[in-house]
């Protein structure tokens, strides 16, 4: 349900910052409007390194061990993330910003200057429908948007898992800054055992030490990593399958 009423007063609510009726970020632009693969503005707490794990590395924003290693969300990833959150329930732009902040345990807060242009673009693609109340917009997922999400479901699941990873990592790091990261409080806050964190760190360090490996050794390592990855994912799939029990 669209309302063509024009704004006559200066906006004061965060949702009023959205400029309707203009074209913004395209899939070939960064989330900050510049052409290229990566981009996006927002507040991020803590260092990019985060104890060597890193977060939000390149590619599609969330790859490998986490998110935000020097780069932020690509425009495409931000659009998919917004669509996924809207799929869960209709939301205002400000609610989407706060939801991303909450899902990263306060680590990443995308700016209105990134989120609202992305929402406008999704509306122009007919991926969303908009319910307007005065100057505020509430976004609903349209059939075309659901079809787009379905075509990118694996990538969407990885994005949302990346948000959860950041939230857990922030909980772990808060405990690490306060004291023993292996204490029961850290395990309860993050869900990560100390041995789990140490095993991941040991793997990263092992790969760094073998960065000079020749072709034959690289192929041996590839087989090991592929086998371990397949085993981890197969166990996860079985744990999610009620028939397997």
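Here the Cβ of each residue, glycine as well, is placed from N, Cα and C on the backbone.
Please treat TrEMBL annotations as automatic predictions, because they have not gone through curation.
In TrEMBL this protein carries:
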type	residues	note
COMPBIAS	1-19	compositional bias 'Basic and acidic residues'
COMPBIAS	35-46	compositional bias 'Basic residues'
COMPBIAS	48-67	compositional bias 'Gly residues'
DOMAIN	82-150	domain 'Transcription regulator PadR N-terminal'
REGION	1-68	region 'Disordered'
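Per DSSP, the domain 'Transcription regulator PadR N-terminal' (82-150) is made up of 39 helix, 17 strand, 13 coil. Looking at the domain 'Transcription regulator PadR N-terminal' (82-150) alone, the prediction's average pLDDT is 94.
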